[in-house]
Amino acid sequence: MASEQNPLGLLGIEFTEFATPDLDFMHKVFIDFGFSKLKKHKQKDIVYYKQNDINFLLNNEKQGFSAQFAKTHGPAISSMGWRVEDANFAFEGAVARGAKPAADEVKDLPYPAIYGIGDSLIYFIDTFGDDNNIYTSDFEALDEPIITQEKGFIEVDHLTNNVHKGTMEYWSNFYKDIFGFTEVRYFDIKGSQTALISYALRSPDGSFCIPINEGKGDDRNQIDEYLKEYDGPGVQHLAFRSRDIVASLDAMEGSSIQTLDIIPEYYDTIFEKLPQVTEDRDRIKHHQILVDGDEDGYLLQIFTKNLFGPIFIEIIQRKNNLGFGEGNFKALFESIERDQVRRGVL
């Protein structure tokens, strides 16, 4: 039920919509991650991919909102669908709280929507679940669906936003004031040459988080590199929660997905710090998985290199730990800097 803490009745993420000038490449990425290509929209050139509770829409419309979004940004997350108890109630409540409504003639999809980060759209979806959802009502079966062996990714754990310097508080307040997100972490992260600050917000229903990143110092940091390539603020990465990250990476071995390189010295001490890790340590080293935690639990995570434009994917497995890998920030940041050096940015 909607409440003071959850004023719009938010219940989680229903879908992520992608727009891209290179449809074939995006399709291959989805397949390599274990998504099945199942359905197409009845009226639009939009294809539906699924893996467990992660739903992707790949928009190939030549005109309209997502087409223009891709022209502006390149490969992009043009919209998301967020689950709510009542879509019209959530939409009206969001607008009353200061959100900008999206007009019907602007949208590619027929659901109530507001503008979100970087003028992407947030649709409000109140039909979801196994028996009654938008994929049964608004989509139809493909003549030749592609059923892929899933890779163990069960839901979107978090999605990270990159914003211009001086606007982090604005976007933090957007999520807090309109949806009821709460701040759960603040980070000030330094690498060898660059730095950033980050707020992490949790949705009022507790189902997902949105960290917001802002660069520090000169414009060569990873956040400002993203903003330049993407032409504005937007979603930097999605994090897939895995039920077994080692098994997921074993299943993806040999695919097109490349992950960041971690210096071998990282593993000299990590298992002394976290002796409770039960996963195969040789496989952790082989896949260059990062590990972080405390006496109560730990998490395992890995990051791809930039996959589509400046956007990448994180894979995370949580074992009684709700953090973001704070203990790995220095190693991760320096790995990203090495990748920036390789690409001539630093």
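Glycine is treated like the rest: Cβ placed from N, Cα and C.
Keep in mind it's a predicted model, so treat the numbers as computed, not measured.
For the Fe cation site that Swiss-Prot gives as His237, Glu314, the extra residue drawn from His73, His158, His164 is His158. Spatially close to Glu314 (Fe cation binding site) yet at least six residues away along the chain are Asp157, His237, Leu238, Ala239, Phe240, Gln301, Ile302, Phe303, Thr304, judged by Cβ distances under 8 angstroms. Report note: the Fe cation site is defined by His158, His237, Glu314, and the residues of the same chain whose CB lies within 8 Å of the CB centroid of those residues, excluding them, are Asp157, Leu159, Thr160, Pro211, Gln236, Leu238, Ala239, Phe303, Ile313, Ile316.
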